[in-house]
Amino acid sequence: MAVGFDLWVLAVYITVFIVAAFKAGEFQWLWASVLLWLGFSVIGAQLLPGILGITYLAPLYIPHFYIALASLFFFINHWKKLPEKGWWQAQETNGFISLFAVSGMLMTAVFLLLAFLVYLRFPTGITPYVMPALLQMYALKPAYWFVAQALIMLIFYVHRSLISKEPVTRFSGKQLQAGVLMAFLFQTAYVFNELLNIRFG
């Protein structure tokens, strides 16, 4: 059976996180992510036997959920407000894992906000089409999510390191706001494209 593109990207995403977490010594974050996956799989096996479970691929399609939730350990241990107004820094850690944590949290926060706003209006208007599109992006075709997160990381790196000549572990309020905007644009673009496919596909 051919392996789909999303599955390949999924494997790369999980591998990158595991390697980066090990190199940065983020074992609390790493093991919390694993425990969340195990917990979700066990509970899922009780609710949807034959679909969810440790031996099934479905729970592995949302590593960004486990990783973002478990990244609270990263923020508790490293995220500090600087004396300068509107500045924060991830201290005693490296740039890549910092960008990974921040971009993942921004993407997740925007997704939850969009899902909540759609839920408030459901089932009026086009919300019956928007909600499935959001869930598809998040859980069924996560490759788009991973690419969007990687783009946010890259833009943050270029801005902070190459343009501003500062450590990438430093984040300004405006930078975080820009990250929220990018996450919003990426996710709404996916939904808009899915709606066009429904209308003209």
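Backbone N, Cα and C define each Cβ position, glycine as well.
Automatic prediction, not curation, is the source of TrEMBL annotations.
Quick look at what TrEMBL lists:
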- 6-22: transmembrane segment (TRANSMEM)
- 29-48: transmembrane segment (TRANSMEM)
- 54-76: transmembrane segment (TRANSMEM)
- 96-122: transmembrane segment (TRANSMEM)
- 142-163: transmembrane segment (TRANSMEM)
- 175-192: transmembrane segment (TRANSMEM)
Give the one range among 29-48, 96-122, 142-163 whose Cβ atoms make the most pairs under 8 Å with those of the transmembrane segment (54-76). 29-48
Contact between the transmembrane segment (142-163) and the transmembrane segment (6-22) is defined here as three or more C-beta pairs under 8 Å separated by at least 6 residues; is that satisfied? yes
Counting only residues 6 or more past its boundaries, what in the same chain has a CB within less than 8 Å of a CB in the transmembrane segment (29-48)? 17-18, 21-22, 54, 56, 58-60, 62-63, 65-67, 69-71, 73-74, 101
